[in-house]
């Protein structure tokens, strides 16, 4: 029986670790180790809850609810998830990580109870949701524009650095240098909540910018 429990722990570590690896690759605070530990811990609690009191439950005068320990895992993991939810620049961040921690605990519990296939399917579906919906949201929430900037000579590098500081993705298409100015063609990617009109207005008011056009 012990060997079977060890197998459950290993499967929980693998299934939950895959989710943690995806989170870590995206630079999230809760990464591989956190998810592996949550998955293994949930599996252990489930094993104890299901099998740990077999000798006591066989006694006539003892009545226990073996599901109580497992139920507390759901409550306990909520505190871990809540620690990942932050307010940054008036935006709430960490909700997805908090949700996948909650799901990770559920996967660990499922595998700990012996439902291997359900746990693996749950892990695969979680990875699909995290990856597919990330790509889908990225495509729907971002717009591409082509800008042509006329700058005072020597300002191209500082302008590209400014875009980077604003977290605006840029691709340099061409750079044409003249005697008193340089013409830079770039492709930019803006979040849907950022107004291109506001960006153009801001660029036109910057020192070293002689002209801006969009196509």
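Cβ coordinates are placed from backbone N, Cα and C, and glycine is handled just like the others.
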Transmembrane segment according to Swiss-Prot, located in which of 92-112, 155-175: 92-112
Region pair the transmembrane segment (118-138) / the transmembrane segment (36-56), three or more CB pairs under 8 Å: no
Other parts of the chain folded back onto the transmembrane segment (1-21), taken as Cβ under 8 Å at six or more residues beyond its ends: 30-36, 38-40, 42-44, 47, 51, 100, 103-104, 107-108, 111-112, 114, 116, 119-120, 122-123, 126-127, 130
